[in-house]
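Per TrEMBL, active site, proton acceptor is recorded for GLU371. Residues or ranges marked as Zn(2+) binding site by TrEMBL: HIS370, HIS374, GLU393. Look at TrEMBL and you will find 72-261 tagged as domain 'Aminopeptidase N-like N-terminal'. Feature annotation from TrEMBL assigns domain 'Peptidase M1 membrane alanine aminopeptidase' to 298-521. What TrEMBL lists as domain 'ERAP1-like C-terminal' is 606-729, 734-889. The site 'Transition state stabilizer' feature in TrEMBL is assigned to TYR456. Feature annotation from TrEMBL assigns transmembrane segment to 28-47.
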Amino acid sequence: MSGFAKRYSFRSGKVHDESCKTHNSGPLAIAACCVLFCLGIGLIIGFEAGRGGTGGQSRPWQQVRLPETLLPIHYDVELQVDVTAFTVVGQVNVTLRCATPTRHVILHSAELDIIGGDGTPGIQGSGDVIAPRITSWFLYTENQYLVLELDKALTKGAVYTVNLNFRGTLRDGLIGFYRSSYVNKDGQTRYLATTHMQPMGARLAFPCFDEPAFKATFTVTLVHRAGYTALANMPLENNVTRNDGWIADRFQRSVRMPTYLLAFVVSDYTSVGTVSSSGLETRIWARPAYIAAGMGDYGLDVAHKIVAYYEEYFDVPFPLPKIDHISIPDYSIGAMENWGLITYAESLLLYDARRPSASLKRGVAQIVAHELAHMWFGNLVTMEWWDGIWLNEGFASYVQYLGYGYVEPDVNVMEQFAYYRCQAVMEDDSLTSSRPIFQPVNHPDESREIFDSITYSKGASILRMLGNFVGESTFRKGLKSYLERNAYSNAVQDELWEALTLAARADGQTDLDVKTVMDTWTLQMGYPVVNLTRDYGRGTAQATQQHFLLDPTATVTVPSDFGYRWHIPLTYTTRGNSFDLPEQAWMRPDQDTSPVNLQGAGSDDWVLVNIHRVGYYRVNYDLTNWQLLTDYLNSDLYEEIPPDNRGTLIDDAFNLGRAGQLDLSTALDVTRYLVRERHFVPWSMAKAAMNYVETVFGSVNDLNDNWQAYMVQLISPFYNEVGWTLQQSDYNTDHIPETFKSTVYCTAIRYGGGPEWDFAWQRYLEGEPSEQSLLLSAMACSRDADILRSYLERSMDAAHVRRQSAPDVISYVGRSGVGKSLAWNFLVDNWDFYVENFDETQFTMASIVSSVTKQFSSQEDLDNLEQFLRDHPNQGTATRAFSQAVDTTGANLRFRRDNESKIRAWLDGLNRGN
């Protein structure tokens, strides 16, 4: 056996582990180790007491946020990267200004070895400034700080440069400076070095002030071997081959930006590019074989056009001379908006025009549009702290639809917003475990938890609503003012509200205070349901609001300064009136009821509220109006109601039924019109809402069989009309059309056995990224528990399934009836594996928990969840996801108990009617 002792270095201030070999030494050696250990602990305690515990001196390194005593101005970073040995040797010179006198230089550093000896940390003053001497330095790992202690205080207003040398490794994880790889056409494994810094990854690459408010400029030098190309945020400034044969690529000085937007890549990639009329260079980088196959061409076309569109939309020019887009084989999220060097998962940037796919094409266009929107919202103007990340991500999630619509004008993209952005998040946000959009982040580790549907989709939804009620011209005017006023700096949401209020008042909206309205949407969780009750004799209506909760028995324990009431911009129309220019009215939090003028609607005319689902709220009507809408949907005139509103009617009705606010038979009656429906958006929204019945009652065989028969009845006319006929542009006789692949693959594996699954597995190992994504999902369609169990085991081996895809596998397995329990038990048994590999990345853990527990609807499921939480009191970045899983499972259990007989009766009545 071997033990260890702790050695404290007075030179470095670090505690080092030292092996103390005892296997052949006997009791004397063990005793000696114990003595050394005690002496070491005593030295540590004594040294620490002398460092900060006397004379009333504080220990600023114990605070989780950086002190504001020093402000970085510029970083000069050099990194020598050995891509095949996975080593990094670096140096950084940080120029900073002293804002408050201090005897400590504190910056972030994690998993880096600070070099002592001849390369020990140093500090110099600028000009005539005499710098103090560094007396000691140490790493405070709890807060990931490097602390330099000085013999006297730095001078307020003076400028200094701190010099640090360090060593590190290209990490095996997916954050910081890490390694990725691919196999080329010759069967060789090729490695590349890449980065992902958000939210706290820069400190893993080099010592820095790793918080968003500490903006600075950067000069980056990447030193690498021949045969590789280096990329960074800025264009190459010069290229030097050193005496040892290493190549040093020095890049131009960057604009002022935070550390989380820094990026660098060293690879053997090639590119395709273009230059705009204004001189902006755009390039797409990928594996050489993919570029040669033209898989970067569509992304290049989209990126080139969208930048020009955004420059016109914001009326603020793009400030960098180039922008690179690069696909990374191992990547934990969809993409990252690094300024000038955007990184992507391969399947989301590359598009193979030889295998047309509308969904893959849409995915590329939308994610490129999203990341480019960040060049203004997030990069040019950055949130002050992570609690403001919703403004960056929510804005990009909204504006991406404008950019996508610009490059694909034949696609009515905004009518898809209700499905892709609103529908799912409104379910998440109707739980008592939801949170406000503006979520205080008290500890940096909490920042990873807020990259969720509330930040992205609710943020996008309320910004779209805001743009609608102030008007597009005013909205753009306010955005321009906000961007120009805060360029290269940081801002909080109130500064945007102020800019938009001033723009609105300049345009004649003198009574509008944007902050007053938007605080009700950002500072409390949830959203309202608007209840509209008509007076059919007078042609008027009264509207009331209440906090919408899916579980009517749930109790909200989090207080709200607004009492869970909102400023609601109503939009509405009546039969025969305009959907393009609907009527508008405001509901205020202090009003119990709000009168609504129905513009003379007759008693036989329906009223529809929330046109194009621009507002982030649900609508419930009196039963007569529900019947009028249902009858109209079942008439030949149903298409006069826009597709997004047709889908919203079903979504609202089903969720109101789940919440006990609408009779379930009324909600089910609305769905009967679908036998006529031929549009993608209503069908998608209806399917998402109606899948809930299968989720809750899938194990009740006779009821589920009747429900499936009803669904087949609804879809059959559409299926028979469309069939398997392809558009000419989708047709290629060399392979299964992309449009059908997911269905064909899943069906073959579901009804096949081991040979079919093994064939798919081999295709997965050899496939391109988009093909691999399809097969990962399809292989979870198997109904063989042993196959699924083996699949889950294989997903833990990075040699077979890329690290970022392991969460996808367990999520896919958990969605099936056969895989539900398998996936949950596998997650419980291998919890440490998932935490170790994915807790430091955004989205991942929450996504796993949400997917695996989505079908939970029994008391046993709820008991399992609660037992897990007792056994694992710290769920890390999955904490809120587990709370939501408990809430959702409880609501599902109640719904199953209260509504099984109602759904049976409705289906039986339908069968008798037929």
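Quick reminder: no glycine exception, Cβ is built from N, Cα and C everywhere.
Note that TrEMBL annotation is computational and uncurated.
The most densely surrounded of the recorded positions GLU371, GLU393, judged by C-beta neighbours within 10 angstroms, is GLU371. The Zn(2+) site, placed at the center of the C-beta atoms of HIS370, HIS374, GLU393, has further neighbours from the same chain whose C-beta lies within 8 angstroms: GLU337, GLU371, ALA373, PHE377, GLY378, ASN392, PHE395, ALA396, SER397, GLN400.
A straight line from the CA of HIS374 (Zn(2+) binding site) to the CA of TYR456 (site 'Transition state stabilizer') spans 13 Å. Across the domain 'ERAP1-like C-terminal' (606-729), DSSP assigns 87 helix, 7 strand, 30 coil. Residue pair TYR456 (site 'Transition state stabilizer') / HIS370 (Zn(2+) binding site) shows a Cα separation of 11 Å.
Counting every protein chain shown, the Cβ of TYR456 (site 'Transition state stabilizer') has 22 other Cβ atoms within 10 Å. A distance of 9 Å separates the Cα atom of GLU393 (Zn(2+) binding site) from that of GLU371 (active site, proton acceptor).
Around the Cβ of HIS370 (Zn(2+) binding site), the same chain contributes ALA335, ALA396, SER397, VAL399, GLN400, GLY403, each under 8 angstroms and 6 or more positions distant in sequence. For HIS374 (Zn(2+) binding site), other Cβ atoms within 10 Å of its Cβ number 24. Each residue in the domain 'Aminopeptidase N-like N-terminal' (72-261) has a pLDDT score, and their mean in this model is 96.
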